[in-house]
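Working notes for the structure below.
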Amino acid sequence: MLWTVPLALLVLLLLQTQLCVCLRGLRAAGSSSSRSRNATQQGLPGAIIIGVRKGGTRALLEMLNLHPDVEVAKAEVHYFNVEEHFRRGLAWYRAQMPFTLPGQLTVEKTPGYFACPQVPVRVWEMNPAVRLLLIVRDPAERLVSDYTQVLHNRVTRNKPYQPLEELLLRQGHIDPAYKALQRSLYHQHLARWLDVFPREQVHVVDGEALIRHPFPELRRAERFLDLPPRIAPSNFYFNTTKGFYCLLSAGGHDKCLDESKGRPHAPLSSQAFRKLCGYFREPNRLFFEMVGRSFSWC
């Protein structure tokens, strides 16, 4: 029976060897799984939609998200224009970004960036090569839409509100201190950005054209972002109920903007609107000169 001891030792040795092989296999599998998880990462944005507020920034973001090489931050981050967020640093900002594969472009949009004086330098310090998308619409229409959103929010919360005409006019004249009006002075805000960034890093999107005929505007945005042409006319279909185009992804999933888009404007008398258009005539001319193109605004 003495032979049983060496036999037992041999069996234990074989079991130990098999265990080592199994452990190496598990470690290799874990390493492979880790590498797979690390194939995606959160990076700082290579492009930012900087504004304008109520200009169509959400529509532009969702349309760009149709591109397979684009990942977008779903929520407005307000990193560069809210001090509480900015103090948290770039690590916090990066953590708000989507996970991307190598070669994909991260896009963030916060329309409040455009009119905030300290933002251009902060964005430059984050990435001087970042590409900036500015979507604009008729500044008078934008102002009314801006007020309409604020009005809706106040009504929803049972808060008091003033009629638009009372806020817009003082003794029968346009009040330049009205904040919604100041946001529509595009030339003043763009001048601050162009003090920091070269003009070729800012792409201007026609907000009205994006709604009426989205594909040509998206093709121009693709070229600006150095993206291969992947967005096609088949990605859009006109929703007769909503009255604007909705999106159709390559996988056949459709998406329409929420009910706040296309909300009826708050009332404003035709006389007040004409005064508003007259007020914007010179600021609009200056903006057209800055961007090298004109728009059919009032």
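Including glycine, each Cβ sits where the backbone N, Cα and C put it.
Here TrEMBL flags LYS54 as active site, for sulfotransferase activity. For LYS54, GLY55, GLY56, THR57, ARG58, ARG137, SER145, TYR245, LYS261, GLY262, ARG263, PRO264, HIS265, the entry in TrEMBL reads 3'-phosphoadenylyl sulfate binding site. The annotation disulfide bond is assigned in TrEMBL to CYS246-CYS256. Residues annotated as domain 'Sulfotransferase' in TrEMBL: 47-249. The signal peptide annotation in TrEMBL covers 1-22.
When averaged over the domain 'Sulfotransferase' (47-249), pLDDT in the model lands at 96.
Here the candidates are the recorded positions LYS54, CYS246, CYS256. The one whose C-alpha lies nearest to that of SER145 (3'-phosphoadenylyl sulfate binding site) is LYS54. Taking LYS54, CYS246, CYS256 as the recorded positions under consideration, the smallest Cα distance to HIS265 (3'-phosphoadenylyl sulfate binding site) is found for LYS54. Take the binding-site residues ARG58, HIS265: by the count of other Cβ atoms within 10 Å of each Cβ, the lowest one is HIS265.
Straight-line distance linking the Cα atoms of ARG58 (3'-phosphoadenylyl sulfate binding site) and CYS256 (disulfide bond), rounded to a whole number, equals 11 Å. The residue listed as 'active site, for sulfotransferase activity' sits 17 Å from CYS256 (disulfide bond), counting Cα to Cα.
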